Ligand code: GDP
């Protein structure tokens, strides 16, 4: 690992964000020279700005970890912004990468790209087998286009790239804003606040039946850096996850347990459930990453996240 990255120039879009900062930390630890484009300097939705970024900071590897994204709430509230910003940013970065002769592009995709109505665990081969779930189509489809672009750009321009498909992330530094957050951050905030206020009950969205898979953000960064080194097949994306499904009800019970909250839980079935199940098959991940699997189990990751959130509440709440 160290040998591979030593002396490499890597640009990480989204490198100051929730996931990206952990990717940067690891790459620097392995001896890479990392550049993180900041929004005030480079508007990555514009092609000329992507070009300027890659020409001013030539790189061997481009990790595209920037995204405008969030949970089921923002997918309902801002479908057009999710669509436009992610689609155009991804397309322009790939175009700039081939014009600037970047050695390899690592695109960070999402489990929202999978067909939303499949029953079993999601295998890479299933990616093209059906429509995205309506609740996340505007985000899921735009990221999926990067996989199409990767194959086309390899064939016509010889650009090397890979497409990594991530499951739901959680951890310190996530978005804890209820209008944007995913379920773990949303519930951590609700539980800590209810505990502080001694509130008699907490409202949780949906029925509690949907199954999700959760990966601790630092584990995910480990996998991405490993895959950036070892995985090279542009024709097949690679899933990054735990492979473990947890119902929202089980998640709620675990958070309840870790926080020690003693009030009632009110399920609001008027709020959307989203996909019935979203769990990745990680068989290929284990094989391609030399047997790696995420070391942090859900309970341990939640305990770390909750204690971080308690200690950094004002800062966490101020973030969009
Ligand atoms: P998804 O994985 O793309 O569907 O997005 P989310 O992480 O936002 O939601 C996952 C599941 O958690 C859905 O079934 C939601 O209904 C459920 N959920 C329960 N309470 C909440 C909440 O307070 N916020 C969010 N975002 N989801 C919640």
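Backbone N, Cα and C atoms are what each Cβ position is placed from, and that goes for glycine too.
Note that TrEMBL annotation is computational and uncurated.
According to TrEMBL, the residue from 160, 257, 273 that belongs to the substrate site alongside 190, 205, 212 is 273. Close to ligand 1, meaning a Cβ under 6 Å from one of its atoms, are these of the recorded positions 18, 20, 139, 182, 273: 182, 273. Of the listed recorded positions, namely 16, 110, the sparsest Cβ surroundings within 10 Å are found at 16.
In this structure the C-alpha atoms belonging to residue 14 (NADP(+) binding site) and residue 110 (site 'Important for catalytic activity') are separated by 15 Å. Over all protein chains present, the Cβ of residue 18 (NADP(+) binding site) has 20 other Cβ atoms lying within 10 Å. Across the structure, residue 205 (substrate binding site) and residue 110 (site 'Important for catalytic activity') are spaced 22 Å apart at their Cα atoms. In this structure, the recorded positions under consideration are 139, 205, and the one with the smallest number of other Cβ atoms within 10 Å of its Cβ is 205.
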